Amino acid sequence: MKSGQAEIMETSKGIQKSGLMSRRIAILEFILRIVAFFNTIGSAILMGTTHETLPFFTQFIRFQAEYNDLPALTFFVVANAVVSGYLILSLTLAFVHIVKRKTQNTRILLIILDVAMLGLLTSGASSAAAIVYLAHNGNNKTNWFAICQQFNSFCERISGSLIGSFIAIVLLILLILLSAIALSRRH
């Protein structure tokens, strides 16, 4: 009789330990979603408010550089805004994962949506990175000149917004891995 009770006690301790680990993973997932949200919304705002005007010879002729002059940078802003909106909405499901234990269906849904948002964010950041590279280095074969010697503030801001977006990409990858780990621990 005592050995049966001992087995039950060990099993219940294992379940409690597994439940505690799942809760920790859910809390970490919640925190990573918040941090990723601030990175994506910060990148969208930083890029969306980027504007610099340079006088040329006289006060009447000016050159301007804005993010919406280039479609790739506009796509970057939209992609970051969409992903930040998704991350805010996904916080509700992440909170449910902290409170409840049986959340396999919502975890699968979050993995699918996280992968879709990762693809969107990666494509937006990659297209913007190509434009930022051209802004810094130019392309001699096509006679595209580097503009960052003239538009210092513009180039610093678009480069900074890329950093935030790439950090969010890494965080989304971690979120996908955490959700997969949490799912695998349940089976």
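For all residues, glycine too, the Cβ spot is worked out from N, Cα and C.
Noted in Swiss-Prot for the protein shown:
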type	residues	note
TOPO_DOM	1-24	topological domain 'Cytoplasmic'
TRANSMEM	25-45	transmembrane segment
TOPO_DOM	46-74	topological domain 'Extracellular'
TRANSMEM	75-95	transmembrane segment
TOPO_DOM	96-107	topological domain 'Cytoplasmic'
TRANSMEM	108-128	transmembrane segment
TOPO_DOM	129-161	topological domain 'Extracellular'
CARBOHYD	Asn140	N-linked glycosylation site
TRANSMEM	162-182	transmembrane segment
TOPO_DOM	183-187	topological domain 'Cytoplasmic'
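Same-chain neighbours of the topological domain 'Cytoplasmic' (96-107): 19, 22-23, 26-27, 29-30, 179, 182-183, 186, counting only residues six or more beyond its ends whose CB sits under 8 Å from a CB of the stretch. Sequence-distant contacts of the transmembrane segment (162-182) (same chain, six or more residues past either end, CB-CB distance under 8 Å): 22, 25-26, 28-29, 32-33, 35-36, 39-40, 42-43, 46, 76, 80, 83, 97, 107, 110-111, 114-115, 117-118, 121-122, 124-125, 128-129, 132.
Summarising the environment of Asn140 (N-linked glycosylation site), the number of other Cβ atoms within 10 Å of its Cβ, over all protein chains shown, is 9.
The DSSP breakdown of the topological domain 'Extracellular' (129-161) into helical (H, G, I), extended (E, B) and coil residues amounts to 22 helix, 2 strand, 9 coil.
Packing against the topological domain 'Extracellular' (129-161) from elsewhere in the chain are residues 42-44, 46-47, 49-52, 54, 63, 65, 67, 70, 72-73, 76, 80: each is 6 or more residues past its ends and has a CB under 8 Å from a CB in it. Per-residue pLDDT, averaged along the topological domain 'Cytoplasmic' (96-107), amounts to 83 for this model.
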